[in-house]
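J.: So Swiss-Prot says this about it:
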- 40-341: domain 'Protein kinase' (DOMAIN)
- 46, 47, 48, 49, 50, 51, 52, 53, 54, 69: ATP binding site (BINDING)
- 359-372: compositional bias 'Basic and acidic residues' (COMPBIAS)
- 359-559: region 'Disordered' (REGION)
- 400-414: compositional bias 'Gly residues' (COMPBIAS)
- 457-467: compositional bias 'Basic and acidic residues' (COMPBIAS)
- 491-534: compositional bias 'Basic and acidic residues' (COMPBIAS)
- 543-559: compositional bias 'Basic and acidic residues' (COMPBIAS)
């Protein structure tokens, strides 16, 4: 039974939140609850990043290998990260062979001598030997067509389950697909996932229409569909299916196929692949916020020519996954029934797939060291390959999310493929898992209906939240919930947490007084983070200086 069916109670009255949660509990034995970190023997570090650290560990009770994901709170005043809360909530509800399973939570209490007051929280999941991005980066790995079909089938089965239960993943990419040496693929990283309202996909009906608005600041740029690049907010499961198309093409080519350096460049690459939009191929695209300033020259797509060597059945499935019209884009149910999976060679069984050496962050560095040991290439590049330009050096690889890394894509995959631009897509997106040294994304363009004379306030309706109201509240005095997505994803870089909004507003106020240089270097410490016992009083009437009672008395006497 799906979440929607349980919520509606089979046509009866709406269920309360508690009844809804109780109806979707997994078997009591499947989620242990909380244990101590001492119950695990830590074996090694798999990766680290903004969200936390991931370690390989062994349970002292069962002997099973697990992955421990340490959840880092960059600013304890902000509380537990909302991305972690949402991920834990969803993973506790979900149970499918192709969805990463949350076994339990583990707690590490700081010693009494430690100044930290809050315990450290770990998510405990089954250990997976690889992620798909890491396998593609391993020069010793070569995917066969039955292997590609096997992985794609499992991905579609997992998405079919998620969408049938009203879950949008919203970050579909190769780095978030974990694979073990038994050939099992599991969807991971639910930090951006959420429950969605509307109809679930039906056979032969595409992805349908959205029912409410959500933030468009989701999905890593190289896997982001054109409707999100044009700031559609009422989107559907079609955004995940576009990501499936990107992953499918990546397995075929051995590298990401749409490597945009900005949102505008990403759209141009989409138009190159699928053709420029029209009312026939993408109805209503002109009404999207990003479609009103569209000025690209009309051109046909090159998808069929680009993937010609893979055959007409592959091209047929890719065209369905890369449809510009999100309403008619193929859903997971129909994709599973596509002739591609019934055409020889047939998909391999997971147990028949070969095993590979581990492909995590530190293993990628090993792959890079192997390449570094090669003799210098001639000026034009290694024979059979072009020169490598704009190299970013070793990639850090781990995003801090469920994927243990996704990193360091070199696009060579055993030397079979031509080179491509190395390095992450700069600009406006979430921190991708294959690169941690990223900055905050630039703000998306202002909405077309903005006619103000001053700078736009980027903290309210700009991110799918209702505009701020005065003391009178919303018009009409209604207090009901607004039909918007209240979740704003985190875009933290791998380093200190960004300044809070109150700092930004204070700086803006100081700027208006003309007395503050916005680019001045801030102190290396943060007064707010100091221990309360050493925090200075906030009502000091004068600058800190040596007190001299006699001098002060003489000064007042002269007045």
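The backbone N, Cα and C atoms fix where each Cβ goes, and this holds for glycine too.
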J.: So of 46, 54, which of the binding-site residues has the fewest other Cβ atoms within 10 Å around its own Cβ?
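T.: Candidates: the binding-site residues 46, 54. Fewest Cβ atoms within 10 Å: 46.
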J.: Here the binding-site residues are 48, 52; which one has the lowest number of other Cβ atoms no more than 10 Å from its Cβ?
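T.: Per-residue Cβ counts within 10 Å for the binding-site residues 48, 52 bottom out at 48.
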J.: Indicate whether residue 52 (ATP binding site) is helix, strand or coil by DSSP.
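T.: Reduced to three states, the DSSP call for residue 52 (ATP binding site) is strand.
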